[in-house]
Amino acid sequence: MSGILAWFWNERFWLPHNVTWADLKNTDEATFPQAEDLYLAFPLAFCIFVIRLVFERFIARPCALGLKIQANGPQKAQHNAILEKVFTAITKHPDEKRLEGLSKQLDWDVRTIQRWFRQRRNQEKPSTLSKFCESMWRFTFYLYIFTYGVRFLKKTSWLWDTRDCWYNYPYQTLTTELHYYYIVELSFYWSLMFSQFTDIKRKDFLIMFLHHLVTISLITFSYVNNMVRVGTLVMCLHDASDVLLEAAKMANYLKWQRLCDLLFVMFGLVFISTRLAVFPVWILKTTVFESWDIVGPYPSWWVFNLLLFLLHVLHCFWSYFIIKIACKAISKGKVGKWNPLHVSNDDRSDIESSSDEEDAPSPTKKTHNTATNGTNGANGTNGYLTGTTCPDEH
């Protein structure tokens, strides 16, 4: 184990030429980032998770109820042992052949069985109340940490001249405020990494998992080799658009359409401008060119910049979807009354609409009157759709 640790913490990988770990030990005169400081992130991540549970239960939930968000979830499907067994053990999306078999076995109409499966799938989806509470928690944290970051950075020299990120590197001392900023951000992303498996599931689960992994790696990497100055710029830049996104989602859940549209447009503009313009021109410029001129490259320098470029690829991926959402709305001629967060459910969310399941009658026996069946099917009175499609459900 000691051999593995010695290989992992090889000074020639982590530090510039002629710099050793002994040079970066804490003294009475100066404090530097220490790898063992990062252990604080794990208990703090647990504390943040507990704070989140308390916040959602005693602050976000009462706010949501006060704003008339319904506490009840989607309508529950009528209990049926046979269909429940198929749903849990075989498939949640039965094909036409299986639907015909179940129809004969239960003597139910095929559309009623389809309706039952849709209602049963919706039972596993989170309610609007749950989604609002999650967004309100994230909005509150992002607003707090972004405000803290701006107040901290405006007093620093490297915000105004990024070359200060590299002068006297790596012998730049660690202040209490900078240490707090780093550890809280790292702890929050660790809490997201673990809670992602219990939070609302979306289609971009793997992309978000990769994003959290890259973010944690960047924060950890930059802290260990004391690239914390440029690290604070990256963190604050990313928090700016996250605040607007969570605010837009809350407005969407509250059905405040105009505010939702405005916030989403603001989010799109801030996201694309900061991630596709400011990030490469400001951040990548200093980490690649200015650091090369002042410090020079070394192995961990290459890894750090590789992670930043990977993060930029994710920026391009999400920017594509944001532009795609806007183009969909414009092409459909619904500017002014479109719901961007509903349109984006094609790409962002895996939650089915429950609007078609409301006020469902109890399953009925199959009818053998074809004329009646045709009329009921056309009008949607046989327990199925009329032909109207909710934007959530593509």
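Heads up, the Cβ atoms here are built off N, Cα and C, so glycines get one too.
The feature DNA-binding region is assigned by TrEMBL to 85-128.
Taken from TrEMBL, the feature compositional bias 'Low complexity' applies to 369-394.
If you look up TrEMBL, you'll see 83-127 marked as domain 'Homeobox'. Broken down with DSSP, the domain 'Homeobox' (83-127) shows 32 helix, 1 strand, 12 coil.
Taken from TrEMBL, the feature domain 'TLC' covers 130-331.
Taken from TrEMBL, the feature region 'Disordered' applies to 347-394.
Per TrEMBL, transmembrane segment is recorded for 38-55 (among others). Within its own chain, the transmembrane segment (38-55) is flanked in space by residues 136-137, 140, 183-184, 186-188, 190-191, 194-195, 220, 223-224, which lie at least six positions past its ends and keep a Cβ under 8 Å from the stretch.
Per TrEMBL, the feature transmembrane segment maps to 180-198 (among others). The list of residues near the transmembrane segment (180-198) in space but at least 6 beyond its ends in sequence, with Cβ under 8 angstroms from a Cβ of it, reads 33, 37-38, 40-42, 44-49, 52, 141, 145, 148-149, 152, 205, 208-209, 212-213, 215-216, 219-220, 223, 228, 231-232, 235.
Annotation source TrEMBL lists transmembrane segment at 205-224 (among others).
For the transmembrane segment (260-282), the residues of the chain that approach it from at least six positions outside its boundaries are 162, 233-234, 237-238, 240-241, 244-245, 247-248, 251-252, 312, 315-316, 318-319, 322-323, 326, 336, 338-341, judged by C-beta separation under 8 angstroms. The transmembrane segment annotation in TrEMBL covers 260-282 (among others).
The transmembrane segment annotation in TrEMBL covers 302-323 (among others).
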Within-chain partners of the transmembrane segment (302-323) [C-beta distance under 8 Å, separation at least 6 from its ends]: 207, 210-211, 214-215, 217-218, 221-222, 225, 227, 234, 268, 271-272, 275-276, 279-280, 283-284, 287-288, 344, 347-348
Average pLDDT across the domain 'Homeobox' (83-127), rounded to a whole number: 87
